[in-house]
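Engineer: The structure under discussion is supplied below as structure tokens; questions concerning it will follow.
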Amino acid sequence: MSSAEWADGASRAPGPPGFDLDHAGLKAWLQEDDPARLELLWMEADRVRKARVGDAVHLRGLIEVSSHCVRHCLYCGLRAPTVELERFRMEADEILACAQEAHRLGYGSVVLQAGEDPGLTKAFITEVVRAIKGDTPLAVTLSLGERDDEELREWKAAGADRYLLRFETTDPVLYRRIHPNLPGVPSDRFAQLQRMRTMGYEIGTGVMVGIPGQTWDTLASDILRFREFDMDMIGVGPFLPSPRTPLGGQGVAAFLAAPSDQVPNDELTTLKAVALTRLVCPDSNIPSTTALATLDQARGRELGLLRGANVVMPNVTPVHYRIRYEIYPGKACVNETAEACQDCLDGRIRSLGRSLGKGPGGRSSRAM
Ligand code: SAH
């Protein structure tokens, strides 16, 4: 059954036999703690992953192109009010060199990610996208935050293939709380995702698991929204508190006092969310996130790949910039060169009996 058929059956409880994937079913699965039941979930997520997107693990080289940011998102270490950060913005030729390195390492795509930085102008990104597309066969994904339609259209015309913008939460009250508006600049990530789809981008989104204020109901709704929007890529990782932010330091206690049914930001809950995301969006590309690998440096990457994920995003940013792109502390592999990272990942992926993806690794099919 296609995800679109699922989407219009809101009153049904779709899913593989024994798996009710309506709101109540998802909420119950998220809170499940019986090891035997969880084993069923892991097996089903892995079965669906294998049947629908296969054994290839697609590698996307992540390039952290700028740590400047104008936004005040309460969870992110790059937020504008953080003063003790040494900010950087890469030059066009440096970004191109990273993309060439990703191509040399055999990756099929690169992701240009940054804080929301007006210094990354329309013309600059256009030039960078054109250079990468002209010089390599890589698919190019942008993840530059909320940008206006004129920019997005021009970058698409320059050859950008995909855009990642996590909607972060379906709860509008929580959304506003963690994303203080800039004066005169409202924030509407769902609207931008819709418009980007119309422009022809493959679109990716996602949420953090355990952001303060997230309840089981919220997270179940988030997962249902992935299906309603038929997202091409879905990143789900644990919230990792940054001491530089209001949600990481002393202030968090006041914020957290609210819900009694707060979702924990732990590995098990994240893995349940990843597995359920695979069941509701069987054809989507789902990364085993760096945040998960940071929480469990020994096994996080592998466990994500075993429980529904089929993508990894190795960091190809030069190490001296990477350590300054501190969204949260202790980021996995922060000191490893792209080459070292590649050797390690290659071994980890093969040890699971999986293969390295070839080519750009786009969404294989979409029910329109
Ligand atoms: N400025 C871009 C890129 C942000 S970084 C944008 O806003 O889209 C990409 C993702 O990292 C964010 O969407 C968020 O979900 C995640 N992230 C931010 N802070 C985090 C934290 N403290 N712990 C875990 N993930 C975090």
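Cβ coordinates come from backbone N, Cα and C, glycine included.
Straight out of TrEMBL:
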type	residues	note
DOMAIN	55-282	domain 'Radical SAM core'
BINDING	Cys69, Cys73, Cys76	[4Fe-4S] cluster binding site
BINDING	Ser143	(3R)-3-methyl-D-ornithine binding site
BINDING	Glu168, Leu240	S-adenosyl-L-methionine binding site
Engineer: To the nearest whole angstrom, state the Cα distance for the pair Cys69 ([4Fe-4S] cluster binding site) and Glu168 (S-adenosyl-L-methionine binding site).
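Structural biologist: Rounded to the nearest whole number, the Cα-Cα distance is 17 Å.
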Engineer: Rounded to the nearest Å, what's the C-alpha distance separating Leu240 (S-adenosyl-L-methionine binding site) and Cys76 ([4Fe-4S] cluster binding site)? Just drop the number here, would you?
Structural biologist: 9
Engineer: Average the pLDDT scores across the domain 'Radical SAM core' (55-282) and report the rounded value.
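Structural biologist: For the domain 'Radical SAM core' (55-282), the model's average pLDDT rounds to 94.
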Engineer: Looking at Cβ-Cβ distances, which residues of the chain lie under 8 angstroms from Glu168 (S-adenosyl-L-methionine binding site) while being 6 or more apart from it?
Structural biologist: Tyr175, Ile178, His179, Arg189, Val207, Met208, Ile211
Engineer: Counting across all protein chains shown, how many other Cβ atoms sit within 10 Å of the Cβ of Cys69 ([4Fe-4S] cluster binding site)?
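Structural biologist: Around Cys69 ([4Fe-4S] cluster binding site), other Cβ atoms within 10 Å: 23.
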Engineer: Rounded to a whole number, how many Å is the Cα of Cys73 ([4Fe-4S] cluster binding site) away from the Cα of Ser143 ((3R)-3-methyl-D-ornithine binding site)?
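Structural biologist: With distance taken Cα to Cα, Ser143 ((3R)-3-methyl-D-ornithine binding site) is 16 Å from Cys73 ([4Fe-4S] cluster binding site).
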Engineer: Which chain neighbours of the [4Fe-4S] cluster site, leaving out Cys69, Cys73, Cys76, have a Cβ atom within 8 Å of the mean position of the site's Cβ atoms?
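Structural biologist: Same chain, not in Cys69, Cys73, Cys76, Cβ within 8 Å: Arg71, His72, Tyr75, Gly77, Leu78, Arg79, Ala80, Gly115, Glu116, Ile327.
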Engineer: Kindly point out which of the binding-site residues Cys73, Cys76, Ser143, Leu240 have a C-beta less than 6 Å from some atom of ligand 1.
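Structural biologist: From Cys73, Cys76, Ser143, Leu240, counting a Cβ under 6 Å from ligand 1 as near, the near ones are Cys76, Ser143, Leu240.
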Engineer: Validating a neighbour-count step here. Other CB atoms within 10 A of the CB of Cys76 ([4Fe-4S] cluster binding site): how many?
Structural biologist: 23
Engineer: For the residue listed as '(3R)-3-methyl-D-ornithine binding site', list the number of other Cβ atoms lying within 10 Å of its Cβ atom.
Structural biologist: 19
